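Engineer: I have a structure here, written as structure tokens, and I will follow up with some questions on it.
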Amino acid sequence: MKQIAVIGAGTMGNGIAHTFAQSGFTVKLIDISEAAIERGMTTIAKNLDRMVAKGSITEDDKINTISNIITYTDTKDGVVGCDLVIEAATENVDLKLKIFKQLSDICDHNVILATNTSSISITQIAAQVVHPERVIGMHFMNPVPIMKLVEIIRGYNTSNEVTKIIMSLSEKLGKTPTEVNDYPGFVANRILMPMINEAIETLYNGVAGVAEIDTVMKLGMAHPMGPLQLADFIGLDVCLSILNVMYDGFKNPKYAPCPLLINMVMAGKLGVKSGEGFYDYAEVKKAEKVSKQFMKS
Ligand SMILES: NC(=O)c1ccc[n+]([C@@H]2O[C@H](COP(=O)([O-])OP(=O)(O)OC[C@H]3O[C@@H](n4cnc5c(N)ncnc54)[C@H](O)[C@@H]3O)[C@@H](O)[C@H]2O)c1
């Protein structure tokens with residue numbers, strides 16, 4: 001495998017593109033939004049700068065990584081000549097089904113189609129595709145260039161051969177792939193999201209404040225980050241979608257999203273990406289805007 005396409009240049013898509021490009025793959029990064037592509041490329045450049053400053057890569061590595069990425073706003077143009085497509089678009093069932101129907105129509109039948117979905121059924125997605133045995137979940141963790149785990153999800157029809165290829169490809173990226181089966185939330189989010197939801201419920205019930213809840217989990221349970229801050233990093237809209245998928249999939253009230261989470265998403269408080277969630281990131285957003293203007297001038 002030499003050439004891969006990544007659909008979606010948001011939080012995860014730009015991290016996946018960065019990781020593959022740094023390992024020498026040609027990456028075609030596709031997003032319907034020109035602004036999202038620009039933001040994604042700025043994030044990649046910033047993350048590479050941080051790695052150069054730390055001494056973990058050289059300036060040449062940075063230049064090569066960036067030059068391995070080509071951007072597109074049209075999926076049909078972007079997937080030409082790719083051996084693997086990884087979809088990392090917004091977590092929405094209808095959108096993903098539509099994207100995979102299109103990929104089935106425009107890609108050769110030997111192209112492997114992966115999704116980075118956090119919770120949506122791989123089997124349901126694969127049902128849109130001719131040769132569903134080539135559809136697989138490749139669930140990277142955030143931030144992708146740093147996090148070692150890739151949860152590899154086998155849909156009902158995913159073949160052994162495709163699973164083997166994707167497991168070994170993940171290892172080539174320096175990751176640790178872990179194989180799981182296709183049930184709502186898979187393993188990572190089935191365990192993580194109820195904890196985040198409970199932390200939000202604890203705040204909603206007035207048991208403790210944001211900082212206190214996160215401090216208890218950081219210092220008491222040795223978590224590197226509190227659950228509310230982690231929710232901000234994941235994106236509150238993403239957390240809500242995952243909880244809804246598990247709530248619908250298991251028909252179990254224990255996965256019902258906390259009303260406070262629903263309200264915050266409706267109010268546009270999505271965490272780091274919107275500038276505010278449980279914490280305020282306005283200063284970070286302001287700094288990003290200034291550096292973008294500076295780069296343009
Ligand atoms: N955020 C996380 O921590 C995290 C972790 C693991 C997996 N995921 C999963 O990764 C996927 C992406 O999440 P994200 O947090 O990067 O979302 P995001 O909102 O940051 O980015 C989504 C991007 O998809 C683009 N998009 C929407 N429709 C598209 C289309 N038809 N074609 C091309 N691009 C399109 C949007 O313009 C946007 O830039 C979701 O399935 C999510 O569940 C997220």
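Cβ coordinates are placed from backbone N, Cα and C, and glycine is handled just like the others.
Caution: TrEMBL annotation is automatic and unverified by curators.
Annotated NAD(+) binding site per TrEMBL: GLY8, ALA9, GLY10, THR11, MET12, GLY13, ASP31, GLU91, LYS96, SER118, ASN142, LYS273, in sequence order. Annotated domain '3-hydroxyacyl-CoA dehydrogenase NAD binding' per TrEMBL: 3-182, in sequence order. Taken from TrEMBL, the feature domain '3-hydroxyacyl-CoA dehydrogenase C-terminal' covers 185-281. Taken from TrEMBL, the feature site 'Important for catalytic activity' applies to HIS139.
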Engineer: How many whole Å apart are the CA atoms of GLY8 (NAD(+) binding site) and HIS139 (site 'Important for catalytic activity')?
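Structural biologist: Given the Cα positions, GLY8 (NAD(+) binding site) is 14 Å from HIS139 (site 'Important for catalytic activity').
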Engineer: If I take the alpha carbons of HIS139 (site 'Important for catalytic activity') and GLY10 (NAD(+) binding site), what is the distance between them in whole Å?
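Structural biologist: Their Cα atoms are separated by 15 Å.
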Engineer: Just jot down the residues in the same chain as MET12 (NAD(+) binding site), at least 6 apart in sequence, with C-beta under 8 A of its C-beta; none if empty.
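Structural biologist: Set apart from MET12 (NAD(+) binding site) by at least 6 residues yet with Cβ under 8 Å, we have ALA88, ASN116, PHE140, ASN142, VAL144.
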Engineer: Whose Cβ, among the recorded positions LYS96, HIS139, has more other Cβ atoms within 10 Å than any of the rest?
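Structural biologist: Comparing the recorded positions LYS96, HIS139, the most crowded Cβ belongs to HIS139.
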Engineer: So how far apart do the NAD(+) binders GLY8, ALA9, GLY10, THR11, MET12, GLY13, ASP31, GLU91, LYS96, SER118, ASN142, LYS273 get, largest Cα to Cα in Å?
Structural biologist: 21
Engineer: GLY10, MET12, ASP31, LYS96, ASN142: which of these binding-site residues put a Cβ within less than 6 Å of any ligand 1 atom?
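Structural biologist: Near ligand 1, sequence order: GLY10, MET12, ASP31, ASN142.
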Engineer: Please name the residue among the binding-site residues GLY8, GLY10 whose C-beta has the most neighbouring C-beta atoms within 10 angstroms.
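Structural biologist: Counting Cβ neighbours within 10 Å, the top one is GLY8.
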